[in-house]
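These came from TrEMBL, pasted as-is:
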- 21-107: domain 'Pyrroline-5-carboxylate reductase catalytic N-terminal' (DOMAIN)
- 249-394: domain 'Ferric oxidoreductase' (DOMAIN)
- 202-220: transmembrane segment (TRANSMEM)
- 249-271: transmembrane segment (TRANSMEM)
- 292-313: transmembrane segment (TRANSMEM)
- 347-365: transmembrane segment (TRANSMEM)
- 386-407: transmembrane segment (TRANSMEM)
- 419-442: transmembrane segment (TRANSMEM)
Amino acid sequence: MNKNSSNIMALAPNTSNKRETVCIFGTGDFGRALGHKMIQSGYPVVFGSRSTQTSSLIPKDAEVLSHAEAAQKAAIIIIAIQREHYDFLIPLAEILHGKVLVDVSNNLKINQYPESNAEYLAQLVPGAKVVKAFNTVSAWALQSGTVDASRQVFVCGDNMEAKQMVMDIVRALGLTPLDQGSLLAAQEIENYPLQLFPMWKFPILLSLGLAAFFFVYSLIRDVIYPYVYENKDFSFFIAISIPNRICPVVALILLALVYLPGVLAAIIQLYRGTKYCRFPDWLDKWMLCRKQLGLVALAFASLHVLYTLVIPIRSFVRWRISSRILSQALKNVTEPLNTTHAWLSDSYLALGILGFFLFVLLGITSLPSVSNNVNWREFRFVQSKLGYLTLILCTAHTLVYGGNRFLSPSSYRWYLPNAYMLSLIVPCIVLVVKFVLIFPCLDKPLSQIRQGWERNPQYSE
Ligand code: NAP
């Protein structure tokens, strides 16, 4: 028999036996939705309510009894009631003794109370085994069956057997339980639904800030300057030309910012001579949101690709090409092919295509469904080696785009360089420092430090 098969059997929910009755206190939105889902999954459900009158909203196969009567019919009781009303459980303490109480409650604010709702419940009914679960699943998702976004159910509790019973129910409902440990984890679990994309805040704010800065910058250089000096109205640049300048610039800076904290961390470790000393908080936070920074960068790069695709159909571009052809026809001259320019233009496009291809590859490998299927070494290879290669290609794409315009005074307007020149600052710093760090005199001690060597024990914690 397969060595692992017994484990698989143990993890699978017990589908052959008749399901045990589950009691739900509270016939509100969440209680009803959970009750409905449980009945669908084969669980007999009994509701404990202040009013034993049944209504058309309550699942028709469920019984509605008083709290005391309902509690006696089940070993597991789900408390689908707000924390503010938990007092009513105190007189029921004797009946609830030894029962598994599942706290599903959420709060209106992060860390609203000094202790979690689940710990508060455990204090009110000390004889019960309290488990926190289901708070990250919404009543609407349960009822409509669209639980894709919240298929994971975080479970925590001090009693292993009670936690196992709840996790079996979670699996039977087609959801995925994630054991978060003891009841101490409840506060964090209760805060999850109140957080709004916590890891995305910094990358999104930063990218919006950069986009706003480069919008104003390009507006001054490309619209206001020609209007003031040449009386030309290029205000239509706001629709495509300026966004197509902002997107690659922001994408390149953000991509470089994905790799900058790694380089800073290496310098700090080399300076301290140990890895056993915490990085400053800002660096820790920055490192934690590198994936999100990279994905936002990829979004900007994708927009750049889309904007570039429409260039040939733009009326301004078609006008420029036709007037150039006309002027050559009128002068009866054909401009000779400038092979240097052709080389630069083709290389610039090729570098952009390759850079974008690797960028997409990086984005795909960061998806959990893909990263879960590669080992740590493979993941590091893609994210670090291919990541740096992407940064090199995208930086080279921008450098070749600049060509020999970097030194030309006519490309400066009001002493302001082109936006793409500014976008090269951070990537060039990252690549130069990374290059220096590869030298054996730095790479060797850094590898030793990362393997646990301590060259400077005064910094160890
Ligand atoms: P709800 O619709 O307001 O229902 C709460 C229920 O609590 C009421 O229907 C009532 O049931 C009972 N109740 C109210 N006052 C009470 C009192 N003084 N004493 C005893 N029972 C009382 O709220 P809900 O949306 O179902 O939420 C219930 C719990 O689930 C909350 O803790 C919430 O944080 C949590 N939750 C909700 C969702 C969601 O999507 N709604 C998602 C995750 C977690 P009876 O009339 O039957 O007594």
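Glycine residues also receive a Cβ, built from the backbone N, Cα and C atoms like all the rest.
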In terms of Cβ proximity under 8 Å, which residues at least six beyond the ends of the transmembrane segment (202-220) contact it?
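For the transmembrane segment (202-220), the far contacts come to 237-238, 242, 245-246, 249-250, 253-254, 257, 285-286, 289, 292-293, 295-297, 300, 413-414, 416, 419, 422.
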In the predicted model, what is the mean pLDDT computed over the domain 'Ferric oxidoreductase' (249-394)?
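Mean model confidence (pLDDT) across the domain 'Ferric oxidoreductase' (249-394) is 91.
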Sort the residues of the domain 'Pyrroline-5-carboxylate reductase catalytic N-terminal' (21-107) into helix, strand and coil with DSSP and give the three counts.
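The breakdown for the domain 'Pyrroline-5-carboxylate reductase catalytic N-terminal' (21-107) reads 32 helix, 19 strand, 36 coil.
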Within the domain 'Ferric oxidoreductase' (249-394), count helix residues (DSSP H, G, I), strand residues (E, B) and coil residues, in that order.
122 helix, 0 strand, 24 coil
